[in-house]
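In TrEMBL this protein carries:
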- 1-22: region 'Disordered' (REGION)
- 52-72: transmembrane segment (TRANSMEM)
- 105-125: transmembrane segment (TRANSMEM)
- 137-156: transmembrane segment (TRANSMEM)
- 176-196: transmembrane segment (TRANSMEM)
- 203-226: transmembrane segment (TRANSMEM)
- 293-323: transmembrane segment (TRANSMEM)
- 335-355: transmembrane segment (TRANSMEM)
- 361-383: transmembrane segment (TRANSMEM)
Amino acid sequence: MQKQQLRLAQPEPKPAEASPPKSRFANHIAALQTQPSQAASRWQPSSKRRNIWLFGLLIVLSMVGVVLSLTWSSVDIPLSSVADILLGRPTAQPAWRTIIVDIRLPRIITAILVGMALGLAGLQLQTIFRNPLAEPFTLGVSSGASLGVALVILLAPSSGISFAALGSNVFGNLGTVGSAIVGGLSVLGIMMVVASRVRDMTIILLLGVILSAMTYALVTVLIFFANESQTRAFVEWQLGSFTRVRWGELRYFVPVTVIGALIACLTTKHLNALLLGEHYAQSSGINVQRARWIIMGSASIMAGTVVAYAGPIGFVGIAIPHLARGLFKTSDHRVLVPATILTGIPFALACGILAEVPSSSLQLPIDAATSLFGAPVAAWVLLRMKRGAWM
């Protein structure tokens, strides 16, 4: 009798409330948090074999891009002559040696560095902001770096330094690169503070637009007080180009960019944890604030260096990470970081070939070529966001 009364006294279980539908990205994050073993088991030998094939394909595409960049431009040079020049053999046209060694090889190395650096910077920013449209250009990092470069270029005459000397000595190179990195990191720091208080992706992107407008206004003021030759030089730099970089600049461009890329490669564990949320990262023993600043420093180093030497370039940071995710079907940064590097290289080489307008003396700004390729990818990301999925 007492047992029956106890059973009657027990409250009836409440019906489970219907949970709101989750996006595919939210479901993916929840699955990784609650069932990490199942998430890890997704990448079995079949997926690894597929990844190896994809890496091989991207390497082949990069090699094809290098060959086309060497042979196909305003002056078409036969592949056999290119091989003779690279191997130190005599050629029928001595001028071709100058074109290959002094112009096209530095341009190819610049394109490789730009594709790698902006792709990795975009991947890092999309992860720490958890925003699919985050990249140096949309967040105002490139604008901040441009302001830093403008301070060096446009104020150089007042310190007795000519613009031509900026790229030909250690002070000019390190001063320009350092100013670009500091400018980009300053804007990124402001964005990070706002993002810690505001979770709305639209507000964060609008703030990036506002900061870009503010830095552009400051650059306009500097241009107004600069002399004509410095203004012309700054405008030419602002158009963006791979051709402007020579071997002297590459002595600084290569090591600084590689340092930023190495930091990205060494922080894949932190990027994976931050993708799952701040609480998950803290429970994994990661110092979230320090990890964010290290990652932001890496992104600023790469984006700032690219801006300093190649000019402000848009859409690469959006397009490359999403193309890598789409090809490799993963959000694991241990795969995405090398995938982003190998996806960015042929992308940038293709943009460089398009900007050179083969068999013509015309040359387009590199930003025009990257926008033609990258803008459709950004539109595709927006459509996926509308459906609640972007990873």
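These residue numbers are counts, starting from 1, taken along the chain as shown.
Cβ from N, Cα, C; glycine included.
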Query - Whether the transmembrane segment (52-72) meets the transmembrane segment (335-355): three or more C-beta pairs under 8 angstroms - result: yes
Query raised in the report: When only pairs 6 or more apart in sequence are counted, do the transmembrane segment (176-196) and the transmembrane segment (335-355) reach 3 or more Cβ pairs under 8 Å?
Result: no
